[in-house]
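**Q** Here Swiss-Prot flags Asp8, Asp9, Ser39, Asn92 as divalent metal cation binding site, drawing on sequence analysis.
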Amino acid sequence: MRILLSNDDGIHAPGIQTLAKALREFADVQVVAPDRNRSGASNSLTLESSLRTFTFDNGDIAVQMGTPTDCVYLGVNALMRPRPDIVVSGINAGPNLGDDVIYSGTVAAAMEGRHLGFPALAVSLNGYQHYDTAAAVTCALLRGLSREPLRTGRILNVNVPDLPLAQIKGIRVTRCGSRHPADKVIPQEDPRGNTLYWIGPPGDKYDAGPDTDFAAVDEGYVSVTPLHVDLTAHSAHDVVSDWLDSVGVGTQW
């Protein structure tokens, strides 16, 4: 199995380093990751400037000022030959649950892999300690995929409780929960009297029902949520069409 491995925490982050070491025990792994933390970069792509890379002695490649999406795009189309069999993103330091997936560079890297036609996995740890647990779960999933490919055309967003492996209760297939909208902005003043702004923490959980990713991780289970790239709200087509007719917009042209 040939794996393109990326993340959004940066190439030196403990999550990606722990996972790369574990994956190399049974797979051919090429790391292509940002040279610094790009958390929250979502699906952003660098278009107004060139991208430089640096290759370490072990073959890992850092993309200078690159986003997670840049890294996967370059990895698939230029840096990994032959091309990968699968794109893996993580292990993220902290969860990507519910609405987090909208902003997550970890999920975005996997989404870019899927957009380019490859199976893709995004892996996050609900904490900052037991990266070895998340690595073991990821390896088990990838070994399963090598035995029997999952033909859903979906991204798997995996969130792992920050627990020793022996304390993991199992795996649940979940849906994304949701949070209350975040609204906290933290102003600060710099030495010259200018106001600086920090974006505050995410909102509290709003929908954390028993079938959500929030509930699974809180209860000690690995959450596996299938995600897809198509953002079309197919069920709303008729509603929107009827609305356009009712307000007279749909008949103007």
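Placement of Cβ uses the backbone N, Cα and C atoms for every residue, glycine included.
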**Q** Going by DSSP, is Asn92 (divalent metal cation binding site) sitting in a helix, a strand, or coil?
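**A** For Asn92 (divalent metal cation binding site) - judged by DSSP and reduced to three states - the answer is strand.
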**Q** With every protein chain in view, what's the tally of Cβ atoms within 10 Å of the Cβ of Asp8 (divalent metal cation binding site), excluding that atom itself?
**A** 32
**Q** Identify all same-chain residues not among Asp8, Asp9, Ser39, Asn92 whose C-beta atom falls within 8 angstroms of the centroid of the divalent metal cation site's C-beta atoms; report them in sequence order.
**A** Asn7, Gly10, Ala13, Gly15, Asn37, Arg38, Pro68, Ala93, Gly94, Ser104, Gly105, Thr106
**Q** Measure from the Cβ of Asp9 (divalent metal cation binding site) and count the other Cβ atoms within 10 Å, all protein chains considered.
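**A** Summing over all protein chains shown, Asp9 (divalent metal cation binding site) has 23 other Cβ atoms within 10 Å.
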**Q** With every protein chain in view, how many other Cβ atoms are within 10 Å of the Cβ of Ser39 (divalent metal cation binding site)?
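**A** Other Cβ atoms found within 10 Å: 20.
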**Q** Using a Cβ cut-off under 8 Å and a sequence separation of 6 or more, which residues in the same chain sit near Asn92 (divalent metal cation binding site)?
**A** Asn7, Asp8, Asp9, Gly15, Ser39, Ser104, Thr106, Ala122, Val123, Ser124, Leu125
**Q** Could you say whether, by DSSP, Asp9 (divalent metal cation binding site) belongs to a helix, a strand or a coil region?
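**A** For Asp9 (divalent metal cation binding site) - judged by DSSP and reduced to three states - the answer is coil.
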